[in-house]
Amino acid sequence: MPSRKFADGEVVMGRWPGSVLYYEVQVTSYDDVAHLYTVKYKDGTELALKESDIRSQSSFKHRKSQSSSSSPSRRSSSRSRSRSRSPGRPAKGRRRSASQSREHKEDKKKTIQETSLALPVLVLFKPSENNTKRYNGEPESTEKNATSCIILEQKLKPDLEMKRVLEQYSLRSRKDDKKKEEIYSEKKTFVAVKPIEKVPTKTKELEFGGRIGTFMLIFLLPATVFYLLLMCKQDDPSLLNFPPLPALESLWDGRVFGVFLLWFFLQAVFYLLPIGKVVEGLPLSTGKKLQYRINGFYAFILTAAAIGVLLYFEFELHFLYDHFMQFAVSAAVFSLALSIYLYIRSLKAPEEELAPSGNSGYFIYDFFIGHELNPRIGSFDLKYFCELRPGLIGWVVINLAMLLAEMKIHNLSVPSLSMILVNSFQLLYVVDALWNEEAVLTTMDITHDGFGFMLVFGDLVWVPFVYSLQAFYLVGHPTTITWPVAAAITVLNCIGYYIFRSANSQKNNFRRNPADPKLANLKFIPTATGKGLLVTGWWGFVRHPNYLGDIIMALAWSLPCGFNHILPYFYVIYFICLLVHREARDEHHCKQKYGLAWERYCQRVPYRIFPYIY
C-alpha cells in the first residue's frame, strides 16, 4: 500500500475539480481504500481529491515566482535593438521604443489573462459577482439576485475578445501556444459543466443510533405497525389497554399475498409504459445523470380506472378491511425479501454507485440504510418506483376500501362527514405528489440515502398502512362532527397545503432556473457550490416551510377523528418527530456542503420549522 504524502491538518494547495485553479485547503483525513484525501476549503466546503491534485505550498509558490521572471539576455537584446532606428520609423519623441511597446503589450496581456483565469470561478459559482472572495471565506455585505451573473459575463466579453486578438501576435513558440490552448480548452470545459461532487467514501458518521439503533429499528418498525392495527380493532383503543396477540396462523393468507404481488407488479407495468416525459436527475458522484420517466399521475389514472371496473362488476373492495392485518404482514414479508435482494446485489456494485450514507462497512447498518444509491434492473429504477407508486397509490385505495367498509358495517347510504374529510384531504395530498412527481428527484431520499430496509419498509408498509390509520380508526369508532367544525378543519388543511405547495414550488423553480424573471424579487446567499440559499419568500420565513405545511395538514387529517382517543393522533405526533429528525439531518448535511454560506443563512433565518418557537 503506498504511503500518504500529506498529513492530517497540513495546509496545502488543492486543485478545484475540473479546473486548473488551486486554492489553499487543509487536509482533514485520508481514505486508505480509495486513496483520496478529504480536504476542507476556507469557506467550509469539503471535497475528496487525489494526491496528484494536491501540491505543497512551497512548491506552488516557487513555480509562480519562476513564471513571473524573464530572461536577462532577452532584456539586454531588446535594449540594444532599440538604439538603432530604421529610416521608415518615426523619431524618438513621437514613438515609444520597441521594448516599451512589448512591455506594454505583455502587461496588457497579463492583465487579460488574469481576468480570464478568474472567469471559470465566477461562472462556476454563479449567480454571484464576488465569488472569489466568498470562496475563500471572506464575508459579503449583500445578497445577490438572479440576474447578476448575466451582467458579469457581458462585462468580461470584451476582455476575452482582446485576449484572442493579442494571442495572434504572440512572440512565444508554438509549443507554448499549444500548451495554452490545452489549458484554455480545459477551462472552457470547466465553465460548461457543474462542479463534480466527490466519489463516495466510507460512511464515518452513523445515524439512527448506529449499528445498535438500526438493528433495533428493523424489529421495532414492524412491531409498531402491527400494534397500531391491533389497537384500532379494539372497542377501547386506549394506550393502557394492550391488545391480545392473534394466533400466528391467522396472520398469513396465501391468497392475500398473491393479491399484494398482483398489485405490486401491476404498478410496475404502469411504470414501464412509454407515456410521460423523460427527465434527468441530479448529477451523481461521477457527473452522470440518470433518466427517469415521469408518469406517476398517469399510473394513478389507470389505477382509478381499474378500481372503477372492479366496483362496476361488484367486487367487494372492503375485502381489504377484513384482511387488513394479513395485507400488512404480506407487505412486510415482501419488504424484507426485497431488502435482502438489494443488499446482496449491492455487494457487486461499483464504488461510485454506493450511497454516501450507507457505505459504512457494517452489515446491519448498511442493510438498514441501503448500500446502493440507485439500484436498477435495466432502466427500471427500484427506489424511484417504490417511492411514489405501490405505497402512495395504495394508500388512496385503502382509504376508499375503509369508506366502503364503513358504509356496509354501519348501514349508511353515504359515508360519514369525518370519513369524507379524511379521504378528501389525503387524496389531495397524493394527487399533488404524483402531479409534481419530478420534484422528488431532488429530495434526500433520492440523492443521498441508499435503498435499503428503511426506505423499502417505509414505502411499501409504513406509508399505506400507517398513513391510512385515521380512516381505519373511523370504521370501528365512528365520530360525528358538525358542519362548522368540518369547515374550520377544511380551512386549516387548505392553509397547510398552501404553505406546503407554494414553498416547494418556490424552491423547485429556483433550482431549475435561478435567472427566471418571475423569481427576480427573490434574494439569496450565493455558495461555493454554485447554488443559492433563498432568504426571501417562504424560505426566509423559516428554514423548512414545507415541513411546517406538512405538519399543519397532518393535524387536519387527525381532527375529524375527535378527541376520545390519542390513537388517531399518532400520525401527527410521529410526523413531528420524523420532520424534526430529518431537519437535523438536513442541517448537518447543508453545513458540510455550503460551509460559511449556511452559517450566514442560519443567522438570517433563525427559526427551523415553527416561527418564533423552533
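Yeah, the Cβs are placed from backbone N, Cα and C, and that goes for glycine too.
Automatic, uncurated: that is what TrEMBL annotation is.
For reference, TrEMBL has these:
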- 4-62: domain 'Tudor' (DOMAIN)
- 53-112: region 'Disordered' (REGION)
- 66-75: compositional bias 'Low complexity' (COMPBIAS)
- 76-97: compositional bias 'Basic residues' (COMPBIAS)
- 101-112: compositional bias 'Basic and acidic residues' (COMPBIAS)
- 212-230: transmembrane segment (TRANSMEM)
- 250-273: transmembrane segment (TRANSMEM)
- 294-313: transmembrane segment (TRANSMEM)
- 325-344: transmembrane segment (TRANSMEM)
- 455-475: transmembrane segment (TRANSMEM)
- 481-500: transmembrane segment (TRANSMEM)
- 521-542: transmembrane segment (TRANSMEM)
- 562-581: transmembrane segment (TRANSMEM)
**Item:** the transmembrane segment (521-542) touching the transmembrane segment (325-344) per 3+ Cβ pairs under 8 Å rule
**Value:** no
**Request:** Give the residue counts of the domain 'Tudor' (4-62) per reduced DSSP state, in the order helix, strand, coil.
**Result:** 9 helix, 27 strand, 23 coil
**Request:** Considering only the recorded stretches 250-273, 294-313, 455-475, 481-500, 521-542, state which has the highest number of Cβ pairs under 8 Å to the transmembrane segment (212-230).
**Result:** 455-475
